[in-house]
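The structure appears below as structure tokens.
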Amino acid sequence: MLENLSTEHRNEKTMNLDEMNIKEVLQSMNEEDRTVALAVEKEIEHIEKVVRVVIQSFEEEGRLIYIGAGTSGRLGILDAVECPPTFGTDDKMVQGFIAGGLKAFTKAVEGAEDREELAEEDLKSIGLNEKDTVIGIAASGRTPYVIGGLKYANSVGASTASISCNKNAEISKYAKLNVEVETGAEILTGSTRLKAGTAQKLVLNMISTASMIGVGKVYKNLMVDVQSTNEKLVERSKRIIVEATGASYEVAAEYYEKAERNVKAAIVMVLLQCEYGEALEKLKEAKGFVKKAL
């Protein structure tokens, strides 16, 4: 029942929200937002377990699939679409599905989240299999679309995890691993795009970033698989080579072109003074880890 969910409770500190001036509203929001990271901190052990499973999927050439409705679905898609430019993944490695399809990203699709079968259809469309990990996201922890997706994922042997913002969430029953970040009452009653949405974004950031580190997408704290899809990222790529090798900007730019804009290869070439082909071979042997290739 909705009334039993902490995310649906009224916030005692903001009973007079409509009477506050603008500054008071903003201060109230900021005060509540400060509690979110602390709530996430309590779930780090559970988040770690999810990351380990995602890394295993990636190592087996499986995928990470997010499913959710409304804000939760949008956050999953947001995290997924940032992976190719940041970590050089293909667009299949991390995917996000939202109840109602992509059109629901910009406009609510009435009733879509209440249909379990829609998630099964979405997951069947990508040939979900036992190598994949499916993460169901729902602030309330009871969204039928997410439950349907988790049920189907379990039926094909995929790894499953859930992210919710209430304890003892319904979706937790359908996932092997659970992250339950209790964010409590929102300043605007039931508006889970606020603290709950912020918590979900923080958790998704953790899962995708830590998983990518785990499969060699990062060297030191540099995103060495960055894709140079625009002028800003071309410059960032050259700066990454400078930071990783200590070479001058001019040398970094030279090796960036020699390596056919492959930042990892350029770093190996500079540090080992080898040719492009040899750098690629070393990276292949090291399964993409720059440190091991060196």
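Every residue gets a Cβ built from N, Cα and C, even glycine.
Database features, via Swiss-Prot:
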| type | residues | note |
| --- | --- | --- |
| ACT_SITE | GLU82 | active site, proton donor |
| ACT_SITE | GLU113 | active site |
| DOMAIN | 54-217 | domain 'SIS' |
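For the active-site residues GLU82, GLU113, the greatest number of Cβ atoms within 10 Å around a candidate Cβ is found at GLU113. The two recorded residues, GLU82 (active site, proton donor) and GLU113 (active site), show a Cα separation of 24 Å. According to DSSP, GLU113 (active site) sits within a helical segment.
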